[in-house]
Amino acid sequence: MDSLASLVLCGVSLLLSGTVEGAMDLILINSLPLVSDAETSLTCIASGWRPHEPITIGRDFEALMNQHQDPLEVTQDVTREWAKKVVWKREKASKINGAYFCEGRVRGEAIRIRTMKMRQQASFLPATLTMTVDKGDNVNISFKKVLIKEEDAVIYKNGSFIHSVPRHEVPDILEVHLPHAQPQDAGVYSARYIGGNLFTSAFTRLIVRRCEAQKWGPECNHLCTACMNNGVCHEDTGECICPPGFMGRTCEKACELHTFGRTCKERCSGQEGCKSYVFCLPDPYGCSCATGWKGLQCNEACHPGFYGPDCKLRCSCNNGEMCDRFQGCLCSPGWQGLQCEREGIQRMTPKIVDLPDHIEVNSGKFNPICKASGWPLPTNEEMTLVKPDGTVLHPKDFNHTDHFSVAIFTIHRILPPDSGVWVCSVNTVAGMVEKPFNISVKVLPKPLNAPNVIDTGHNFAVINISSEPYFGDGPIKSKKLLYKPVNHYEAWQHIQVTNEIVTLNYLEPRTEYELCVQLVRRGEGGEGHPGPVRRFTTASIGLPPPRGLNLLPKSQTTLNLTWQPIFPSSEDDFYVEVERRSVQKSDQQNIKVPGNLTSVLLNNLHPREQYVVRARVNTKAQGEWSEDLTAWTLSDILPPQPENIKISNITHSSAVISWTILDGYSISSITIRYKVQGKNEDQHVDVKIKNATITQYQLKGLEPETAYQVDIFAENNIGSSNPAFSHELVTLPESQAPADLGGGKMLLIAILGSAGMTCLTVLLAFLIILQLKRANVQRRMAQAFQNVREEPAVQFNSGTLALNRKVKNNPDPTIYPVLDWNDIKFQDVIGEGNFGQVLKARIKKDGLRMDAAIKRMKEYASKDDHRDFAGELEVLCKLGHHPNIINLLGACEHRGYLYLAIEYAPHGNLLDFLRKSRVLETDPAFAIANSTASTLSSQQLLHFAADVARGMDYLSQKQFIHRDLAARNILVGENYVAKIADFGLSRGQEVYVKKTMGRLPVRWMAIESLNYSVYTTNSDVWSYGVLLWEIVSLGGTPYCGMTCAELYEKLPQGYRLEKPLNCDDEVYDLMRQCWREKPYERPSFAQILVSLNRMLEERKTYVNTTLYEKFTYAGIDCSAEEAA
């Protein structure tokens, strides 16, 4: 038999999640299901495009267990590109009887088609090879008696006996009746005489749809499309499975003569077309003849007036139209429909136009377009795009003209693995068409090396862009050189370059720049990622700016700018240029001041306006501008009344008053006036606060249970504000003992007093013993902390904190949000060190209850420890809120000790979190079963790194240096967000030089910090590189096995932490950039964050947590992690 008998991969959709589906159609053609002495075969054909997984043919032991066990000889059909077949020669006829399947897979989903073969000389023959019914139908399964024997007839289902008929009652038509068929009734039914065997059995297969007639869906509550020409509605998708010889969304369109398949592209090449081919499709269709043929062997032509598969359809053509046994009614022009019953434009099979065979695209966003004609025009739902892995995409945008429909699809990020054959598919009532095309996805180019700086001047630089070698695909269409000042928040500028050597002009003198190269390949979206960054500094020119610049208001229209005397090194004439501009208005003025002066009055200004001023010293060349100074002119009106006045934390003798003031009114002080209600005006008390930045104050020494009248004023150069109304303050009552005790109670008091004295004596003895024990500890601590009580390290006053730093001019005290001691409910100790403790607590803040972590110092903490602890509060107050730092909730002073409330991180510190993820150590069975070394993915680890970089970028913008950046000082909060913590060593200045001895985190410190005790944001970048190493190594100890002395020796010689085995080169390269010896060559935190965000977008495994052979974790040495 011709090898055309085939399995065709076409398109029944298997619904997956969202808007993506996996699509596959199967057709199995069984040549001569009734086996005689002739050759018979099964052939599978994959049409259209190559499936990702091979198709298979095998024996269906699920349907029939007791069939032959011999393996099938499956070969490639050489007549077609993608086809498999099994051929049985005549001499193997005895081994053919049984059930078979053909299976195909797309994206792991399997579609299986079943069929049977039986002997033509069987005692019974089935009425049909398969029978498809709906749930609830009444079913009669029929077998025709061919041979007469004096034996009982028996019927089996899937090889198991279910029914028998006595020998004298065996009818000519043997039937099995199934009232109200259910899905469990489906299966292979066989009939034979009791003395027969598999060789003499007849088979038929019953298919029961999961839903009732014309219904589909998981709950069978959707109405099926009207499937014509004996098409069957699929109970999972609602789509019509069209019989061989018909196509389209409703199976109305007839194929050309002797063609079949979803798009009618396959052809029966026999002399009589599709005669003797039994076509089997995926359930619930089953098997049938091609259109125009009938009979078990599909070798009988339809009688006149009938057409379609198995000739079950009757022609009822209107207007005297002819009936064709293959296509049905042949309608004249102007008429359409199954019976030519409708007038209208003749339907036209859709065609896909203007789609090239090959498309080259760049990785990134991609918007392919499918354009099709036909009548009726295809709709949005009828056009799809199939990816090489079988994913079906639906249009994101759609439009049509008079002759064409255009579907626009969106792939947000196409990558090289998406290269391959894509298919545009159109399926309408007029037919179906598919057009495969090849997409080649190119990798965007990126230079491997940073550009080199050949020469620099004060306003130019000569650059070798080093565009080759590069990573990715060419050819290169153009090249861009990107550059910008390092410390300015400006967008990157760029110039197009054609040569390798280029000159950058119009640069600012004595400015640090960073630059990189971006390559562009042909095609839309061809701009690659910028390459490595190079930094350089332009030369100086002119004189430095004046020193000691100070800007103060003089009057309502005058500001006074002063500076120290200038002594230029050259004899050239010089002058001071002052630039003044208004913040509120577009008003700018430049003033020239003789070089021998040390001040200038800026006149003709506007009252209550903020100005920005800068200055430089010019000779023949222009000097460098100073930093911007800002000041307000004095006010011309009375200041507005303080706003948001609140009275809180009221006790029997004190209360806290808070307020806010508006900028721009030259407010110099705040006055709080209070008196007992009802007393004379001259009996008030005035509290004058000369620091206008203070916004809260605690009134003390108030009388219990007393009503006070409180007024608050703002004062400026004009006068005091006028309060709109007074505020009432009522203190709480003081708890008192009863004033008089009756004589009858004296005896009771005496008894209780005696018992109390006894208890007091016992308690006193216990305290003395406890004090003696503690005395030993205090003596041990005395030498280290003998000066603790000489001068308090921290002073508190009603929401303000002052640090005694032993400098001539102490800065203004720090103002912090106050928590009431009674609003803190302590729970568990969650962390403890030598001199500090962290407790979990529930606090009440702004009326809301929340979890918090409370930090406090122990009794033996030194003055430096107290100062660092208070410094942490100072830092947190100045930093403000950010999602990637542990934020301050409030603070409380109780009995001379400071209690600091910060966000509670439920997952603890990052170091412990990483080490707990080492599942090979904690749960080896789980690790081996899942082939993983960590419970954390590459994406999660990179998210931790990006969170820390984002927080450190914020700190660097605020000009804060952390000085102790390590995984142990990162906390993991809600939703696994990493937050920077432990600001005890932080400093709010650009460069900090440590002058005192203390514990040092040597393994995380930069070279310049180890050698010179200098700390900058660049030294924090070094520490970040070590933290990144900790993340990748899942909590390993840096330089494990090395002493601190060895580090002091080896780091200046170029030694660095080795690359972890599970680390991608790109991540390790980022670490190495952080460990560059010259601080100014290290990347900024903003650049680090850009690199990490790009890695997260790539979705590549940058940190491999897969369990491979001989896997080992990085070493851990807890003793080495203690600060030196």
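Don't overthink the numbers, they just go from 1 along the chain as shown.
Here the Cβ of each residue, glycine as well, is placed from N, Cα and C on the backbone.
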>> Which residue does Swiss-Prot record as N-linked glycosylation site, given the choices Asn158, Asn1104?
In response: Asn158
>> Where Swiss-Prot marks phosphotyrosine, which residue is it, choosing among Tyr489, Tyr513, Tyr575, Tyr1108?
In response: Tyr1108
>> According to Swiss-Prot, one residue among Asn464, Asn930 carries the annotation N-linked glycosylation site; which one is it?
In response: Asn464
> In Swiss-Prot, Cys311 is paired in a disulfide bond with which of Cys298, Cys302, Cys323?
Replying inline: Cys302
> Between Cys317, Cys323, Cys329, Cys424, which residue forms the disulfide that Swiss-Prot gives for Cys370?
Replying inline: Cys424
>> Looking at Tyr307, Tyr860, Tyr1080, which residue has the phosphotyrosine feature per Swiss-Prot?
In response: Tyr860
> Pick from Cys255, Cys274: which one does Swiss-Prot say forms the disulfide with Cys264?
Replying inline: Cys255
> Mean pLDDT over the domain 'Fibronectin type-III 1' (447-541): what is the value?
Replying inline: 85
>> Under 8 Å for C-beta pairs, could you tell me which stretch among 44-123, 447-541, 641-735, 824-1096 has the largest tally with the domain 'EGF-like 2' (254-299)?
In response: 44-123
> For Tyr1108 (phosphotyrosine), which of the disulfide-bonded residues Cys102, Cys233, Cys268 has the nearest Cα in space?
Replying inline: Cys102
> Would you say which of the disulfide-bonded residues Cys211, Cys227, Cys251, Cys311 has the most Cβ atoms within 10 Å of its own Cβ?
Replying inline: Cys211
> Which of the disulfide-bonded residues listed here (Cys211, Cys280, Cys311) have a Cα atom within 10 Å of the Cα of Cys242 (disulfide bond)?
Replying inline: none
> What subset of the recorded positions Cys251, Cys331, Tyr860 lies within 10 angstroms of Cys311 (disulfide bond) at the C-alpha level?
Replying inline: none
>> Would you identify which of the disulfide-bonded residues Cys102, Cys224, Cys268, Cys302, Cys323 has the most other C-beta atoms lying within 10 angstroms of its C-beta?
In response: Cys102
> What are the DSSP helix, strand and coil residue counts for the domain 'Fibronectin type-III 3' (641-735)?
Replying inline: 3 helix, 43 strand, 49 coil
>> Treating G and I as helix alongside H, and B as strand alongside E, what does DSSP give for the domain 'Fibronectin type-III 1' (447-541) in helix, strand and coil?
In response: 0 helix, 46 strand, 49 coil
>> When you rank Cys211, Cys289, Tyr1102 by Cα distance to Cys44 (disulfide bond), which of the recorded positions ends up on top as the closest?
In response: Cys289
> Mind checking how the domain 'EGF-like 2' (254-299) divides into helix, strand and coil residues in DSSP?
Replying inline: 0 helix, 19 strand, 27 coil
> About how far apart, in whole Å, are the alpha carbons (Cα) of Cys302 (disulfide bond) and Cys251 (disulfide bond)?
Replying inline: 20
